[in-house]
Amino acid sequence: MEPYSEDSILALTEKVFKISGYRFQDHELLKTAVTHPSIAAERYASYERLEFLGDAVLGLVVSEMLYTLFPDDSEGLLTKKRIALVRGSKVVEIAQSLNLGNILLMSKGELTSGGISNNSNLENALEALIGAIYVDGGLESVRHFILQHWKPLATNLADTPLQDAKTALQEWAQGHNFAIPSYRLINKSGLEHAPVFTVEVTVNGQRVHATGCKKKYAEIAAAKLMLEKVTKQNDP
């Protein structure tokens, strides 16, 4: 369809209402929220700025939700749960459940290459939609949308193991545009039947080390320590 005809934007407004439960008042904002950079480069503004905002709004609302749902959890455990809930794969999972790719406006080239099902596109677009709902309707409107989709995931966290610390640290690093963490075995001690491995992990120039009875366990322990360190430094 012609992306920005009067009829098409009304149809788009209805589609977004059906998947989000929110009806946009600002149609220009909605257009921007569903415009992929590939078509924006040709004629229009894209969702990238809204994506930036939506990422922060999602983190805020999920943090608030976890603070309320788990009053006995420590700061460290709440941080782990937040990372598990806002990591890219979870955002993509929700975007897929909403069929969000079907309403995105993108170039023919992007469409032909599978853009509507591309995980990166879906993650970015959902964060942009969150940012747009926040701008158009305020915190209460976007809180309602986020809780509708993230609260069931949060309540299931108690019944499932939290994300492996190495994976969580890697996604944290990538989310901050850092190189992926590197691990180095710096010592092996102990008896032959009971070795102790010491592994150092490096992220953005910062290093910590930890030990374990297996190299794998030492890496996980080091990742956990690093994750606690960097989230305290960089998260509000």
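Including glycine, each Cβ sits where the backbone N, Cα and C put it.
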Next on the checklist: According to Swiss-Prot, Asn124, Glu127 bind Mg(2+); which one of Glu28, Glu51, Glu219, Glu228 is annotated to that same site?
Outcome noted: Glu51
Checklist outcome for this item: Around the Cβ of Asn124 (Mg(2+) binding site), other Cβ atoms found within 10 Å total 26
Checklist entry - Out of Glu51, Glu127, which of the binding-site residues has the smallest number of neighbouring Cβ atoms within 10 Å? => result Glu51
Next on the checklist: What's the number of neighbouring CB atoms sitting within 10 A of the CB on Asp55 (active site)?
Outcome noted: 20
Checklist entry - Beyond Glu51, Asn124, Glu127, what residues of that chain have CB atoms within 8 A of the centre of the Mg(2+) site's CB atoms? => result Tyr47, Glu48, Leu50, Phe52, Gly54, Asp55, Glu123, Ala125, Leu126, Ala128, Gly131
Checklist outcome for this item: Mean per-residue pLDDT in the domain 'DRBM' (164-232) works out to 88
Checklist entry - Looking only at the domain 'RNase III' (13-138), what are its DSSP counts of helix, strand and coil residues? => result 94 helix, 2 strand, 30 coil
